[in-house]
Structure formats: C-alpha cells, structure tokens
Amino acid sequence: MLAGKHLLLIVGGGIAAYKSLDLIRRARAEGAEVTPVLTRAGAEFVTPLSVSSLAGKRVFSDLWDLTDEAEMGHIQLSRVADLLVVAPATADLMAKMAGGHADDLASTLLLATDTPVLIAPSMNVRMWEHAATRRNLATLRQDGIAVVGPGTGDMACGEYGPGRMAEPSEILDAIRARLGGGRLAGRHVIVTSGPTHEPIDPVRYIANRSSGAQGAAIAAALAGLGARVSFVTGPAEVPPPPGVDAIRVETAAEMQDAVTRALPADAAVLAAAVADWRVANASAHKMKKGPDGAPRLEFAENPDILATLSRAPDRPRLVVGFAAETDDVLANARAKLARKGCDWIVANDVSPATGIMGGAENAVRLLTPEGVEEWPRAPKAEIARKLAHRIAEALA
Ligand code: CTP
C-alpha cells in the first residue's frame, strides 16, 4: 500500500542494481511515485534508459544536471520525497553518508535532506565485514537511518556470506514499515464509486453523469493512510487508483452484492451514484423498431446499498454516505442522514452551474451527529485527504 507515496530511489554501483529495476516496478504497482537517481557507478550496471522507463520519469545522475535550480534544485529534489531509498547501498556510498560527503548528486541529496532514509547494503563479504564498514554502519544507525539486509548467500564474486542486497519484496516491506505508521494501518475500508449501468437490452443501458473522480480520490487517500481499501466501482471514467483492491461491477444489484461480500470492514464510504431504478422488463434481445412504436420500459426500485449497510448487523463502525443534490442541499442531506441510518453525510451541490459533477473540484458540507461543517471549494484530492483524516480520527 504505497498509494500517494513518493520515493526518491538512489541506485548505487553494485551488481545488485538490476534488482532495483524490479523494486521500481513493484513500488509503482503499489501506487508509489518513484524518482530515480543513478550514480555514475550505478550507470555501469544498469542503463539510465531502463531506469527511467520503469520509473516513468527522467533519471537524475549528475549534480550538474540540475542546472535549472529554480525548476528542480537538489534541495527540492530530496525534499519532495516521503522516503529516500538507497538500493544498492555500496560500501562507498555508506562511507560517504557516514562522513557527510557531498561530492556527487546522490551524496549531496542524502546530506541535504531531513527526510527519512532507508538503505539496502550490497557488497562483497570482506567489505561488509571490514572494520571501516562496521563503523560506518554503526554511525548510520545512530543517525537514524534504517537498514534492510544484507542477506547471506552466494555472491557474484564467487564468495559466500553476508553482503547480498535484500530482495525487492523485503525492501518493499521495509519501505512500508518505514512509511507505515499510517493512521489507518490495519483498517479495512469499503468505498463505492462511479455510476451504475442498468441494462435495457444487451446493448443499451441507463446511466448517470458520475465520473467516479471523487470516489477514486477518497480510495487513494484512504490507502495513502495505510488502509486496506475494497474499491467497488461501477463503469467510471476515472480508473481505480493503484494500491486498492478494485472490484468492478455494472449494476446496483452487483454493487450491493460486492459490498456485502467485502464485509467486515471498519468503515465504508458510499460515494457511488447508484441508479435508483432498474428496468424490470429488460429484454434479453436487442430491441428493434417495429410497427408497435416505442417500447414501454417498466422500472423496479434498486436496493438501497447505503440504507442496507447502515442497518446490517455486521455494519462497519462508521458508515459515510453522500448526498448529491441540486436543491435545498442542507435540508435534503439532513433528511437523507436520518432516512438512511448512516453516521455521516457528505453533501454537495451538483447543479450544472457548479461544474462539480465531472469537474476537478468539489465544495461539500459534512453532516455528523455533532453538526454541519462547511468545507470550501477545493480539488477533489484535497477533499478526499481531509475526509480520510476525519475517518482516521473517528476510528482512532
Ligand atoms: N445510495 C445507495 N444505493 C442506492 C441509492 C443511493 O447506496 N440505491 C447511496 C449513494 O451512494 C449515496 C447516498 O446513498 O451515498 C445518497 O445517494 P442519492 O442518490 O443522493 O440518494 P437517493 O437515495 O437516491 O435519494 P433521492 O432520490 O432523494 O436523491
């Protein structure tokens, strides 16, 4: 669960550098952003092109690359990250770190930051066991630097012993542990998102204008705080964020089913724009024009997922619903809170003039038993982060 986390990965010059390519791939698959830095020695083992391709962004190598200090100076580069990871950390890099050297980009970044640092040492057995490395390691530990590995095994140089860089999966565990302390670590949250599609016939359906942007942002923010997120999404425009368990559904009935299966959970945020009705007489065959004129659709009411969940015996401790309204927002939201039996309602005005539905921003009111809070217009990601922190507080 590294969604929303930013890693600065320094790849040093060791045979294990190839494992760092896998580390980049896996970290990104978990939702992390990875900014790679390749030392001159590192570039002897893996190419800048493979590193940047996997990271999906340019690789920084030389202190003097950063000519445009205003755009991305070295100070900035090391401070945007949540964690600096050095893998492989060679004996030389460790010595530089312990001594406070700053004669290349990697060592300068490591000195110019107060961001936590994790190193994955990798070197020959004799180098690892040398008194100088022992001393440096002790210094680094004292400085608060986290260390993962090295493992023991056959080495590329033909010797056997400690010095092999930890495997990417172990490094990821160490990254998660280091970043962990997430306020929602160990919690499970269900999020519904997007529209539902209710079939009329095999090729037609009834839908609504929900893009799924707010729901996806909430799921990402919850995952960013360390929660395990079951993200039940209808056919939305916005893809599921990385780092969540995405469960794709089409209809309200399928969404209801998926939510029930995802239980138990500590909290649920039902942000989906569920269709209130489905077509009761949906056709199994494509409807054709004919002499009888337009078809007559009959509707049946869909299950109310929010009301059902709020009253379920195994209901999450905190159930949050949404109220998308075009008129009398507050009065309607209050009525919805009472009617649905949920704990909180996030109310927003989706009148076309607000540009909220399908837009990048939202302005909401949070209704809780304690009262109503006005949250000013802000990007959906920011509203999501605020809500995720409120949920963490409520569950604490
Ligand atoms: N909701 C749900 N299942 C439904 C309908 C709505 O879970 N069948 C949830 C939505 O995800 C949202 C909340 O209920 O969290 C309110 O949705 P909304 O469409 O605004 O409410 P409705 O129940 O449709 O009420 P109204 O018809 O008065 O707008």
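Even glycines carry a Cβ here, placed using N, Cα and C.
Around Cys157 (active site, proton donor), the C-beta neighbours below 8 angstroms that are at least 6 residues distant in the chain are Asn124. Positions annotated as active site, proton donor by TrEMBL: Cys157.
The CTP binding site annotation in TrEMBL covers Asp276, Lys286, Pro303, Asp304, Ile305, Leu306, Phe322, Lys336, Lys340. Taken residue by residue with DSSP, Phe322 (CTP binding site) is part of a strand. A C-beta separation below 8 Å, combined with a sequence spacing of at least six in one chain, links Phe322 (CTP binding site) to Leu270, Ala271, Ile345, Val346, Ala347, Asn348.
Summarising the annotation, TrEMBL assigns domain 'DNA/pantothenate metabolism flavoprotein C-terminal' to 184-393.
Positions annotated as region 'Phosphopantothenoylcysteine decarboxylase' by TrEMBL: 1-188.
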Would you mind listing, in sequence order, the residues at least six apart from Lys340 (CTP binding site) in the same chain with a Cβ closer than 8 Å to its Cβ? Asp304, Leu306, Ala307, Ser310, Gly321
Close in space but at least six residues away in sequence, with Cβ under 8 Å from that of Ile305 (CTP binding site), the same-chain residues are Thr192, Ala252, Met255, Gln256, Val259, Leu270, Ala272, Val274
Work through the binding-site residues one by one (Asp276, Pro303) and point out the residue whose CB has the fewest other CB atoms within 10 angstroms. Asp276
